[in-house]
Amino acid sequence: MKNFRLLNNVVGWATFLVAAIVYILTIEPTASFWDCGEFISTSANLLVGHPPGAPFFMILGRFFSLFASEREQIAAMINIMSALASAFTILFLFWTITYFARKLVFNGKEPDSVQVWTVLTAGIIGALAYTFSDTFWFSAVEGEVYAMSSLFTAVVFWAILKWEENANEPHSNRWLILIAYLMGLSIGVHLLNLLAIPAIAMVYYFKKFEVNRANTIKAILVSGAILVGILYVIIPGVVKLATWFELLFVNEFGLPFNSGAVFYAFLLIGALVYGLWWTYKNNHLLLNTAITVVTVIILGYSSFAMIIIRSAADPTMDQNSPDEVFALQGYLNREQYGDRPLLYGQYYSSPGKVSDTKKGDPIRIKKNGKYEVVDYKPTYEYDSNTTTLFPRMYSSDPRHVDQYKSWANVKGKTVQARDREGGLVSVNIPTFGENILFFLKYQVYHMYFRYFMWNFSGRQNDIQGNGEVNKGNWITGFPAIDSWMYGDESLLPDEYTQNKARNKYFMLPLILGLVGLFFQLGRGREGLHGFWIVMLLFFLTGLAIVLYLNQTPLQPRERDYAYAGSFYAFSIWIGLGIPALVESVRRWMPGTSGVAVVGLTALLLVPGIMAAENWDDHDRSGRYIARDLAYNYLNTCDENAIIFTNGDNDTFPLWYIQEVEHIRTDVRVCNLSYLQTDWYIDQMKRKAYESDPMPFSLTHDQYQTGTRDAVYLYDRMNGEAADLRKAFSFLLSEDKSTKYLPGYSERIEYLPAKRFVLPVDSADVVSRGIVPDEMANRVAESIDINLNRSYIVKNDMMILDLLLTNNWTRPVYFAVTVGSDSYLNLQDYFQLEGFGYRLVPISTPSDNYMPGRVDTKRMYDNVMTKFRWTGFDDPKVYLDENHIRMATNIRNNMTRLVNALIDENQMDKAKEVLDFTMAKLPSSRVPHTYYSVSLAEGYYRVGNITEGDAILKEMSDNNLKELKYYTSLPSRYDNYAVDEINRNLAIYMEIGKMAKKHNRTELMQKMEDDYQASVKALQRFQ
């Protein structure tokens, strides 16, 4: 056994080394898209990120950042931290698999060499399969919390197995204390780790108690109670008690802010220390252990003290400003994301209203030395006829409603219900069966099982889909099966068939895992207990999360990372498939030769194929695109500018490059989604590095939560435009005559018009350089703002306030990725300068949905001399769907520059930009889309007929391939195929129009001949 323990350690560390090398070689050398830019920034500078925070991750990230020799290396150091955390996860997975395997193989006896190597091989295959799995590898090479969270899950699960091995030894409870402490620490990374608690509890139960049906039910209930206790009692309760003491000390005793929280902290520490001392002195072992467990959980959880400490220092990033216990409570409860019904609630069509009788939690602010209640969070009531158990289709967002109906083919049923005014109305709600169908088809299949099969069967491509037949599905690798599921995909263009994320494992990991599952299940008492332990981990980190998240359709990104723990559990079964195979071949190949053959075969066919297939779409080395795009956004802007952004990928990379690399810190990045909150407006009013405060005139009490969250537009001007400054004076007035409208009994905040004018001092804007001298004659006398809606929300109000107060003193930009619904109908005053539209007092009616005008001088200089383009043209650098989508948008804007240069008769520069665009964003890397027709036109207009023809021909060929694919699909896909065929025909028409416009007769004839071949196939869709 000593020999086994030595080999188990040596081989385990060798597996760790393999994983560490793989992950470090394939890390992204800088920030990635999505939350990585934010997490790296908060770690490097100990800032306050989005709720509920990850303080322990930040502390470790800060430590790793100290090893960077320059600022540009900080992101790589934090990414390496994720790589090492993932490699350690593989180490503990290896030891976990060998622990379960030896219980099935050794049978409590001294093992021989065959048994030893069978167990070790099981660990190698299972651990390496997970090493190269799609989801885990993705998280392992970026600075996000999921790699660290996986490590905590792996460690605590391994630790309970160590406890089981030593349960009868003195002081074995130290393993339980360690688990509790790690659980507490993990709260400061991600709550996913807590889902391992029931599986851990079952290990304890199987070891310490008689196993029967009644005891098993009790054990499951107790394990669930422990999970619920930590998740819903300790985590929120510690802070909830702090709010009670704070309210008592400040509001009742008149003591300074935070005095109650400080007293409570000392009281809590004192109570725990006393409890430990008293139970130890009086020899209450069980109670002492329980108090110790609670103490170390709270000790680990105390990393959140850093959040409140750092927030109090007013850092440059301070989301939700949790600088006191009430704000911290909302921060930890993720209140900004709202609630969703789980066990009982409304359908999407349920008429709901704000409750008149039931108030939500109070909203408190610091005022006059106390915490004063300014409002209450709304609670909603729904007619019981339109509510249901287990509501899965609850969102009333029109986009979600359309998807609910599509996924579940909703016909619904009509019921009578009370509307908001109390009247009786007929409402169509889904049936419960349709509700369950959506749950099974979308939430279980699409949002979990599909991801599971990505990891253990194969992946179609990295194009995020919403149930489409050719986007983001799972595959087997066997053409006959895949063609039956998704049609003949060989007909599709290269962007599908040659997609680097098209990975085929031929279901081998899945099959080996199922073999291991049944092998463990059939190996007597030890196997059965082990099976239920692993199954519980598999379920709670997979389907249980599906039940809890209750996700709506149209998720902004793939969510497979949330289920990594479930895939971890299945990898245990992959490892346990090895002893099953060894037993099967033992009669033909006895001794270690059988183990060697099985091991080498499995190594090649499972982790070997997974590594070979996944390497090209998981190798992020040399990819600087997210950082470079952030650099380009900021360098679009003039000095001391303000740029409005909206989403994760046009905000977090910008935060990273400013906070970590200190590039263009004079530019103020303002996220419009956050600008709806008072805490964010407060932060925008503070200086940040070289960026001056944003020029808002409103005071905190004029925009605080509950005040002017929505401002109604009531036209009292008979369609005439109101002066914006006077309109704002009206809005901010406390005169009662400005707060009431006919037919409304309650106070209401409103503006007295829907159209506004903002006067412009033409001489001033020219003297400031906002408009060049040669454009002085085009300066508008005023900006005409036609809102044309019934109300605006707080961020809209703040933009209008900024326009008034700024008065053209600072350049204002909207990122090109900001949606038009955030433009406030100002798009005719936009000026494209690169990655942002600058607001200028020059009216240029939008043409063909393209906002405003192009400043060819600035944009040409930005594109050709300032911007960075690293990796877009390098075939070794992997571009996923996000990169390609952004590159497509960039190319569209470059095309606008080309056509603007041509309009100004700057032909040489137009040619230069065209060739630069095609060199940096070639179609082999960024496939042509509908908008590439304009790119072809650019070539035609500068006289390069060959390149123009080449683009249209390539578009036509790809379009034709798609058309052939859609017309070949089985009839069950007709609804989807019709929409795609119509899209293809629309593209064909545009290509034809462009070819005809430029007299490309030969090209038009070829296209016509090609498409005629598809006419017969199209007849079935008419």
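Just so it is clear, glycine is given a Cβ too, placed from its N, Cα and C backbone atoms.
TrEMBL: automatically predicted annotations, no manual curation.
Marked as transmembrane segment by TrEMBL: 7-27 (among others).
If you look at the transmembrane segment (47-68), the same-chain residues 6 or more away from its ends with a CB under 8 A from one of its CBs are 35, 38-41, 74, 76-78, 80-81, 143, 145, 148, 185-191, 300, 303-307, 310-311, 315-322, 330-337, 659. The feature transmembrane segment is assigned by TrEMBL to 47-68 (among others).
With a threshold of 8 Å between CB atoms, the same-chain residues lying at least 6 positions outside the transmembrane segment (80-102) that come near it are 4, 8, 11-13, 15-17, 19-20, 23-24, 27, 60-61, 64, 111, 115, 118-120, 122-124, 126-128, 130-131, 136, 139-144, 147-148, 150-151, 153-155, 157-158, 161, 165, 520, 530, 534, 568, 571-572, 575-576, 578-579. Under the heading transmembrane segment, TrEMBL lists 80-102 (among others).
Marked as transmembrane segment by TrEMBL: 114-133 (among others). Note on the transmembrane segment (114-133): residues 3-4, 7-8, 11-12, 15, 18-19, 22, 90-91, 93-95, 97-98, 101-102, 105-106, 455-456, 509, 512, 516, 567-568, 571-579, 582, 591-592, 594-596, 598-599, 602-603, 606-607, 610-611, 614 of its chain, located 6 or more positions outside it, place their CB under 8 angstroms from a CB of the stretch.
Residues 39, 54, 57, 60, 81-83, 85-86, 88-89, 92-93, 95-96, 99-100, 136, 139, 172-173, 175-176, 178-179, 182-183, 185-186, 189-190, 192-193, 195-196, 199-200, 203-204, 537, 541, 561, 564-565, 568 of the same chain lie 6 or more positions beyond the ends of the transmembrane segment (145-163) yet place their CB under 8 Å from a CB of it. Residues annotated as transmembrane segment in TrEMBL: 145-163 (among others).
What TrEMBL lists as transmembrane segment is 175-205 (among others).
Tertiary proximity for the transmembrane segment (217-235) is limited to same-chain residues at least six positions away from its ends with a CB under 8 Å from its CB atoms, namely 183, 187, 191, 194-195, 197-198, 200-202, 205, 209, 294, 297-298, 301, 332. What TrEMBL records for 217-235 (among others) is transmembrane segment.
For the transmembrane segment (255-278), the residues of the chain that approach it from at least six positions outside its boundaries are 238, 241-242, 244-249, 284, 288, 291-292, 294-295, 298, 324-325, 366, 369, judged by C-beta separation under 8 angstroms. What TrEMBL records for 255-278 (among others) is transmembrane segment.
The annotation transmembrane segment is assigned in TrEMBL to 285-309 (among others). When Cβ-Cβ distances below 8 Å are used as the criterion, the transmembrane segment (285-309) is approached by residues 46, 48, 53, 55-56, 58-59, 173, 176-177, 180-188, 230, 234-235, 238, 268, 272, 275-276, 279, 322-325, 328, 331-332 of the same chain, each at least six residues removed from its ends.
Summarising the annotation, TrEMBL assigns transmembrane segment to 505-522 (among others). Sequence-distant contacts of the transmembrane segment (505-522), counting only residues of its own chain at least 6 positions beyond either end whose CB sits under 8 Å from a CB of the stretch, comprise 100, 104, 125-126, 129, 133, 453, 455-458, 476-478, 528, 530-531, 534, 570-581, 602, 605-606, 609-610, 613.
Same-chain neighbours of the transmembrane segment (529-549): 100, 103-104, 153, 157, 192, 195-196, 198-199, 202-203, 206, 211, 342, 443-444, 447-448, 452, 517, 520-521, 562-566, 568-570, 572-573, counting only residues six or more beyond its ends whose CB sits under 8 Å from a CB of the stretch. What TrEMBL records for 529-549 (among others) is transmembrane segment.
The transmembrane segment feature in TrEMBL is assigned to 561-582 (among others).
Residues of the same chain lying 6 or more positions beyond the ends of the transmembrane segment (7-27) and with a Cβ under 8 Å from any Cβ of it are 76, 79-80, 82-84, 86-88, 90-91, 94-95, 98, 116, 119-120, 123-124, 127-128, 131-132, 137, 140-142, 611, 615, 618-621. Listed by sequence, the residues of this chain that lie at least six past the ends of the transmembrane segment (175-205) yet keep a Cβ under 8 A from its Cβ atoms are 52-57, 59, 145-146, 148-149, 152-153, 155-157, 159-164, 166, 211, 215-216, 219-220, 222-224, 226-227, 230-231, 235, 289, 292-294, 296-304, 529, 532-534, 536-537, 540-541, 544-545, 562, 565.
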